[in-house]
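Chemist: Attaching a single structure in structure tokens format; questions to follow.
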Amino acid sequence: MNETTPLRSRIISRSEWGARDPILVEKFTDPSAFVIIHHSYTPAACYTTDDCKKAMRSMQDFHQLERGWNDIGYSFGIGGDGNIYVGRGFNVVGAHAPKYNDKSVGICLIGDWRTELPTDTMLQATRDLIAFGLSRGYIHRQYELLGHRQVRPTECPGDRLYNEITKWPHFSPAPNNNKNNNKKYKN
């Protein structure tokens, strides 16, 4: 990867999907050592841009208003329309995976992926986002790809999606959470 790696999927900015301002933004400077894949479970899968914008607002409402978090928990959402929705974005401490939030990118594929697999368009948008993050130095070239269930007890990202990502490059069956103390993961 290099600086010219294009992002084929469309990025929908926070203002485009109607996000509220975050209460607090905490950043980290090193590239993300982990990419953690999630599913929303609810809201359900969305297949139009209007429905996916609504799903992002629903997740932000739940995370901010009901859970009291600073913002939507995820770095990005992936819609069934093939678009990438900016949540907290790259290099912003998330609220998606305790003990990993300050060194990871949390990507949520909108929908319930326990028994069904996300569309090829969604899977491709996820891979495109990872490639883009690598090419821009937001994601470390030796990152580990994880499913949410590997870092806390949960069904997330659903059995079908989890089984899919185990075949992707950088998938790690046993996460190494000591990466912030390991110089090979620094720039």
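The count begins at 1 with the first shown residue.
Even glycines carry a Cβ here, placed using N, Cα and C.
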Chemist: Pick out which of Cys46, Cys108 TrEMBL lists as the disulfide partner of Cys52.
Modeler: Cys46
Chemist: Around the Cβ of Cys52 (disulfide bond), how many other Cβ atoms lie within 10 Å? Please give the count over every shown protein chain.
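Modeler: Result for Cys52 (disulfide bond): 24 neighbouring Cβ atoms inside 10 Å.
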